[in-house]
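This report refers to the structure that appears directly beneath it.
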Amino acid sequence: TRSICTTRQIPHFLDFITNGINCKAKSTSCLSPKTLLPLGTKLELRCKDDTTRLIGPSSVVCLNSASHSGSGWYPPKWPSCIPKLTCPEPFIQKGAYITSNLSSATFRRGMQVWFKCWEGYILYGSEMIVCLKSGLWNDSFPECIAGSSCSPFQEL
């Protein structure tokens, strides 16, 4: 049976790895899109956009197909790429500012955000929150309340 598997069949949003080389789909950087690949060729699949994640099979193999003449990629359904979960931008109210452990404007899993208050404000709540893999923060946003930092037990 002759192969009909080519890299041209790979969806535009996927890159692939063959023989340990990361190739860009729809390009000639590794294999010509028109090249018929031999039966047994295995491709590892990756999302082109690093802000997305792969849903579905992470590899395909060129196999004989009983459903049509010749061969085809198996599994026949290509994976999709969906956005990675991110946490919403922290609410920064009057008197507050934030610092984080990354310089990105996107708040991804594991990212830590520290809340600080300007002089003359007191922080109520967690000083640090972490973005969870669910796309939610691990705690509510703290508040900065105007006032002095006197202890309630301080003598006048």
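Cβ coordinates are placed from backbone N, Cα and C, and glycine is handled just like the others.
Curation does not apply to TrEMBL; its annotations are automatic.
The domain 'Sushi' annotation in TrEMBL covers 21-83 (among others). Taking DSSP states H, G and I as helix and E and B as strand, the domain 'Sushi' (21-83) has 0 helix, 28 strand, 35 coil.
Look at TrEMBL and you will find 85-146 (among others) tagged as domain 'Sushi'.
C144 (disulfide bond): 21 other CB atoms within 10 A of its CB, across all protein chains. The disulfide bond annotation in TrEMBL covers C117-C144.
Listed in sequence order, G95, A96, Y97, L123, C144 are the same-chain residues six or more apart from C117 (disulfide bond) with CB atoms under 8 A from its CB.
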